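Have a look at the structure below before the remarks.
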């Protein structure tokens, strides 16, 4: 068993271990880590299994949460699967990681359970006032593999729901964020049904999140995801925000990537930064 979120390690020590050579790439990575180290003291490695974007984002969100987000409090939240199924028959083709081959008609109750689990865990952790105890609760949750993967299924379903909302808004002539056009401009996802078949059903199995899907995740959670993209150091894409025009009241989580495929998390903000 590999831990989902490894214990924290000094960020520059980690960098020296990973990037020893003198190639242009190694030099750029070291510069990138030095820039991150101005703000954060440590790094925690995230297990890479095509869920790492979910794992890093959710872990960071729960580690800092102080209240249950509004969308998790809505009365319709738990009945989302049956509401969507009543409108879109194609959702029956949804694939669950734990139950490949089972169709959505049979698993709608399970997705409902996963959504309720997400709300319960988020509520419990948000109510813990002591930062150390909050961290312990997060560590414990991310050691429970079954619960952890259930939460990712909930996140994927929320992304599908958000995609459907954006697609319908655009069709009805309402303003949508630019990434929504890009999402549905792909040959493989020109509508939510294709997005599910060709992308969401594969996340965690054969692929992780693509860039445009990072925007979708941010919108589904109503969080701004700030990413240090180390290989883009010294360009204006070094720190990328998803979405790039975030709502002011959205909380922010910070991730680190070396290649836009695998994500780790920086922890322990340096004192002077906080002041």
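Every residue gets a Cβ built from N, Cα and C, even glycine.
All TrEMBL annotations are machine predictions without curation.
As written in TrEMBL, here are the features:
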| type | residues | note |
| --- | --- | --- |
| ACT_SITE | 49 | active site |
| ACT_SITE | 52 | active site, nucleophile |
| ACT_SITE | 262 | active site |
| SITE | 237 | site 'Linear diubiquitin binding' |
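Sequence-distant contacts of residue 237 (site 'Linear diubiquitin binding'), defined by Cβ-Cβ distance under 8 angstroms and a gap of at least six in the same chain, are 229. Listed active-site residues: 49, 52, 262. The one with the lowest count of other Cβ atoms within 10 Å of its Cβ is 49. Cα spacing between residue 262 (active site) and residue 52 (active site, nucleophile): 6 Å, rounded to the nearest whole number.
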